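Quick look at what Swiss-Prot annotates:
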| type | residues | note |
| --- | --- | --- |
| SIGNAL | 1-15 | signal peptide |
| MOD_RES | Q16 | pyrrolidone carboxylic acid |
| DISULFID | C43-C101 | disulfide bond |
| DISULFID | C85-C130 | disulfide bond |
| BINDING | N115, R173, D182, H216 | Ca(2+) binding site |
| DISULFID | C156-C175 | disulfide bond |
| BINDING | R210, N313, R352 | chloride binding site |
| ACT_SITE | D212 | active site, nucleophile |
| SITE | D315 | site 'Transition state stabilizer' |
| DISULFID | C393-C399 | disulfide bond |
| DISULFID | C465-C477 | disulfide bond |
| CARBOHYD | N476 | N-linked glycosylation site |
Amino acid sequence: MKFFLLLFTIGFCWAQYSPNTQQGRTSIVHLFEWRWVDIALECERYLAPKGFGGVQVSPPNENVAIYNPFRPWWERYQPVSYKLCTRSGNEDEFRNMVTRCNNVGVRIYVDAVINHMCGNAVSAGTSSTCGSYFNPGSRDFPAVPYSGWDFNDGKCKTGSGDIENYNDATQVRDCRLTGLLDLALEKDYVRSKIAEYMNHLIDIGVAGFRLDASKHMWPGDIKAILDKLHNLNSNWFPAGSKPFIYQEVIDLGGEPIKSSDYFGNGRVTEFKYGAKLGTVIRKWNGEKMSYLKNWGEGWGFVPSDRALVFVDNHDNQRGHGAGGASILTFWDARLYKMAVGFMLAHPYGFTRVMSSYRWPRQFQNGNDVNDWVGPPNNNGVIKEVTINPDTTCGNDWVCEHRWRQIRNMVIFRNVVDGQPFTNWYDNGSNQVAFGRGNRGFIVFNNDDWSFSLTLQTGLPAGTYCDVISGDKINGNCTGIKIYVSDDGKAHFSISNSAEDPFIAIHAESKL
């Protein structure tokens, strides 16, 4: 009996690393700045049937409404209260979305902004998404309520009160991140208010949280908050399920704060992943795809079972956050599809796909002066995500998750889940291939010359549909067909000028 009890407790201890997705669903998508009503529809009409595991939603709590510049995306990272009331929708719409998505097996993960409230320079008043009064100057947030006692002003030792030196781990945690009022997370009252907010979301039915700015919180303070959280709603989750936790920690090396400091609380965002993969696919600094043979921990990344991975995120696709110029985004569509394809085929980490909106980029001295621009809107009201006849999105919503090449690789990852990384091939340059056991195989040509070779796929004999160039529809293939012989070998030809210079086949794409 002791043995069973031990297993029982271990199961609960490890729960925050598990994404709580339905069996066979292995990726989530960040529907950045989408309205709750559009997410609910997308769960039903697209995400569920296409095998997506869940959605990371933008912060659902009340934030400052900023008009200079006009309604920037980053206003949502400046909380005013924990009321569920934003440009994405109100609490009723949020509840409706969570219910409808869970009912079709698609989970909701909340971007939780709990390190801070709004900036200290914001004017007092009711310029907030729900009309709540707040006064940053006097540290007064009556809608929570928080007062001057609940902030770290007294603990911060820098002259400005802001973080001035990232080599000082204490000020990174106890001072203000770019002027944002830093909550005193060691106080039980503050921890309780945050846990109350997160428990409200858990009770509604969310499956987990991205913890924004985790690097700026002490790991022990995060743990104290997590220890107060409810189990997930048993309408949709097994009894005793814990919320999935992934912490935003930017650790590119060279600073005292390490991702590993946070492993006790949950997974961490591995920012090295997209930065390095972008450098490789762009072939910068002499990097080659052949070097990806030991991708993952071999590149100095966090352990696979602690990693939340992505090619780009809402910050670094516009030059914020971490990764710099190497980050690939939808603006670099051809290379981007290859990078996302590689990520979704490779077993390392838990994968998140980005879904963006277009904005008018304007570079001056190498910087995008429009990096602040918020989502498509009419006078500040977020525009509907319209769906075009060809299944792409309108109204300047990019919907990368609907691109055939990306959607089909989300399915590929589901099909090969649990299979080993096998049958690696490289030409010493930028032509590489690998398999996932006997369930899938993928080939890339990122060289400036064509690729034509017979490779061992590890797959059963038969005719397969390449899910990059087309789809398997009613037993037919709209793209390239690949013939695997009895010995598991197949011939692949990929021109370096192909629209998408990669091919992927899997057990479910067999004709």
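The backbone N, Cα and C atoms fix where each Cβ goes, and this holds for glycine too.
In sequence order, E62, V80, S81, K83, C85, T86, A143 make up the list of same-chain residues 6 or more apart from C130 (disulfide bond) whose Cβ falls under 8 Å from its Cβ. Ranked by Cα separation from C399 (disulfide bond), the recorded positions C156, D182, H216 are led by H216. In this structure, R173 (Ca(2+) binding site) is part of a helix by DSSP.
Of D182, R210, D212, all annotated as recorded positions, the residue with the shortest Cα distance to C477 (disulfide bond) is R210. Taking Cβ-Cβ distances under 8 Å and a sequence separation of 6 or more, the neighbours of R210 (chloride binding site) in its chain are Q56, Y109, V110, D111, A112, Y246, Q247, E248, T269.
Counting in whole angstrom, R352 (chloride binding site) lies 14 from D315 (site 'Transition state stabilizer') by their C-alpha atoms. With a 10 A radius on its CB, D212 (active site, nucleophile) counts 20 other CB atoms from all the protein chains. Largest Cα to Cα distance within the recorded chloride binders R210, N313, R352: about 12 Å as a whole number. Distance noted between the C-alpha atoms of N115 (Ca(2+) binding site) and C393 (disulfide bond) is 34 Å.
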